[in-house]
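To keep things clear, I will list the structure first and then write my remarks on it.
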Amino acid sequence: MLFGGRKKKGVENPQTELYGHCLQLYTQPPLENISLVEFEQFAVDRMKLLKTVENLGVTHIKTSEDYSKKLHAEISSLNFPHRTEVSTFIVPAVASEYEKRRKDHISHFILRLAYCQTEDLRRWFIQQEMDLFRHRFNDLSPKSKSDFLHRNSLQYETISVEEKKSLMEKLINSSYAFSGCTVEEQDFYKVPFQDALDLVRMRKVFVKDGFAYVPHQDIVTIVLNDYRTRLSKALALTARSLPVVQSDERLQPLLSHLSHAYVGQDYSIQKNIGKISLEQIDSLSTKSFPPCMRQLHKALRDSHHLRHGGRMQYGLFLKGIGLTLDQALQFWRAEFLRGKVDADKFDKAYAYSIRHMFGKEGKRTDYTPYSCMKVILSNPPSQGDHHGCPFRHSDPELLKQKLQSYKISSGGINQILELVKGMHYQLACQKYFELTHSIDDAGFSLNHPNQYFSESQKLLTGGKEVKRELDSPRRPHAAAGSENSKAPPETPSSSNRVPQEVMDDLDSFFQEE
Amino acid sequence: AETVTAACLPELLPLYYRRLFPFSQYHRWLSYGGVTKNYFQNREFSFTLKDDIYVRYQSFSNQNELEKEIQKMNPYKIDIGAVYSHRPNQHNTVKSGTFQALEKELVFDIDMTDYDDVRRCCSSADICTKCWILMTIAIRIIDRALREDFGFRHLLWVYSGRRGVHCWVCDEAARKLSVAARSAVAEYLTLVKGGEETVKKVQLSDPVHPFIKESLAVVRRYFTDYALVGQDIMGSKESMDKVVALVPDDILALCSFILLYVCIFSYQASSKKSYYTEEEIMLQYCYPRLDVNVSKGVNHLLKSPFSVHPKTGRISVPIDLRELGQFNPFDVPTISLICKELDRPRTAEEEEASVRERDPDGGEIFSDYKRTSLAKYVKLFDQFVEEMERSRKGELLRRTDLQKDF
């Protein structure tokens, strides 16, 4: 992309064909000139859109009508393309539709620059872009969907009528709400299983001889898989050319602001190192640890051992609250030695992995403490494990008993269980925070166990505020609808190159409800 | 017995590695016909030595180097890792970020400790013939799924030496699978979910996927023998309570304590709601439990076939699926047994046979393992590697035939 003065009107632009469909896979980067103002505006608008995608994704089920309606509204209001009845032939002449598609195209590529740098940023970006894509694809008419598949060379063979008949029973039983009629009417595609991983993983599709038999209505999952792979590769490539882009003084502040704006802390940089003493841990675990870590701590004390998943989740959390490597070694060693492990074995086997956590061995990456998303979504616990998120992974009955043992009121427990039923695990944990700290409103949007800890400590110790550039992300629209906004303290980046209006715009975005 | 084994290992291992370990077949396996350049050379091995010293990133240029090094180090345990982009033993000289794990067999690890909540006969590292049935069930279910659903053909099942089994899927397509694909396959095969905090670990709902139906058919064949007879799950109040905990309240409300057995295992709910209580209980007690993390990682190391188990002394031998029902982990030869068998005086025919045999690489190997209980397992391994070779040649012919048409 070249940057210069004037904006070019795009109708004669050779990219007309590129905008022939309202949806695209962003395989070709934009090749035009664009003004700095437009550059920033596009970036900010898409950021807002992705942020909405994220918030709605936390509080709604992604295929619900409510979700679709709200997302559709946001897409429209930010002037992005959505399902359109405009015939593709006349698109070039309908300037507004064309403009929307162009904006969609360019803004995506700008955000790639902002979000390619770290694993966390990439993961976030890919997740939101995929959710956005899924919504937009599902919104298309069947003809539009087929059109899209053809344009993007996703050609898979459909199975013959005979094959369908012979597999009828199995095809019916592989998909939810499928009857003999549905199977007969729909096309089934024979797709190599590696191309349909999401469907295979959840057993939502019939698998035979290495092929997944995908009904037309599920083809979006295949497309998403393809999209994720491409985007992932593209981001890795983008990261390599980033130094060149970042050296452009006009862009650097904006890109930096964009990438810090959403993530908040990842607790990889330890504050308060050494401020916690080992004797405090037991009492801290009941007062300021989120339930997931409280559970792990208790299991460790009770059985003097934790399996790998638990050691990672809890060990990194302890690092995040400020334990030094030496303290950590002392802590784990003392506990394991009370169990079946002898000093020798500990020093040889377990000590290595603790040092690894602190970046002193092997790859020497400093591992970051797990965020709530990571705890909830990856590595579910199995027999003998105590890690994971209690709100997500515990039986509701057992969860209830545990909350009772923590002396939570029965009204409070019911509220929590309701949230768990609606799959709002982080909100449930937030409610737990509110109940255990006797406040009405946590005042922050929980997305990290270490955040829980530091917020708790802030409350209990009268809070010394540590000034950071941008603090915890704003609270998503709660299902209950309470409108409580708390402006996070922030200091925008120091450079003055980007027009102040744009920076204000971003800041105010994070302050408004 | 365990301490005895550990004390004998320093003596027995050198003997094992010098005269019994099937290096030739092993090397043939891991070379995969030499189709990909440096496939064997870029393979990572790791050794666990005496005193728990662990060394990673071992790699070898050829069979001879592998043999010499193992005979020198006498590892207590050998693990096989991935095939990397460069020779693992030179990974420090490679520019950071370019040393990558490229391929590895798709592997599964099934460990008896994962079933502790549903077996009463043993716990943790112990096993017996009663609970071994769980492994038989696991092998049948997973082997079928990998072959019929996923189309894999070259599967090597191996006894881990103490309390579980491993499966190595060696097809080319399997070796090339991404992390995402491996985890998808592992999740497809996962039905029992949940840790200490979860009571009900299997939840079924309509529609019941064909894979689940197939797996249930296997579980049903063994359930009575395993759970009702062997484990006697209905034999004590405590054990029965655990079963009851898996039954939904509405069914429970209908039956008294005494009728529970009848209700669960033969009662047909007449309401509109679908009940899969019987199936869910069966699956929770018997369905295979995998460690997904073992299968996911391309660079994950797994114990090598024919490695010795340092605590039991048993050899990790391949399992013959044609005789799965007769497999008994307690009959698997130990290193002390086979070393003892070596010392038996040779019979006249054995003498003749060993003189006639010659190693294809030029050396003279007296195929000592053939005189020991290890023989049938090496033969099985041989057949496995042979079958892959035949398949490769067949594939090659097919491809050249296609080209000839042009």
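Even glycines carry a Cβ here, placed using N, Cα and C.
Sequence annotations record features per position, and here TrEMBL assigns [4Fe-4S] cluster binding site to A:C292, A:C372, A:C389, A:C429. For the recorded site, A:C372 ([4Fe-4S] cluster binding site), the DSSP three-state label reads helix. In sequence order, A:C389, A:Y425, A:Q426, A:C429, A:L446, A:N447, A:H448, A:P449 are the residues near A:C372 ([4Fe-4S] cluster binding site), counting only same-chain partners six or more apart with C-beta under 8 A.
Annotation source TrEMBL lists compositional bias 'Basic and acidic residues' at A:464-474.
Here TrEMBL flags A:502-513 as compositional bias 'Acidic residues'.
Look at TrEMBL and you will find A:459-513 tagged as region 'Disordered'.
In the three-state DSSP reading, A:C389 ([4Fe-4S] cluster binding site) counts as coil. The record gives A:C292, A:C372, A:C389, A:C429 for [4Fe-4S] cluster. Within 8 Å of the mean position of their Cβ atoms, the other Cβ atoms in that chain belong to A:P290, A:P291, A:V375, A:I376, A:P390, A:F391, A:R392, A:Y425, A:Q426, A:L446, A:P449. Note: A:C292 ([4Fe-4S] cluster binding site) has non-local neighbours A:Q313, A:V375, A:H387, A:G388, A:C389, A:P390, A:P449, i.e. same-chain residues 6+ apart with C-beta under 8 A of its own C-beta.
When secondary structure is read from DSSP and collapsed to three states, A:C429 ([4Fe-4S] cluster binding site) falls in the helix class.
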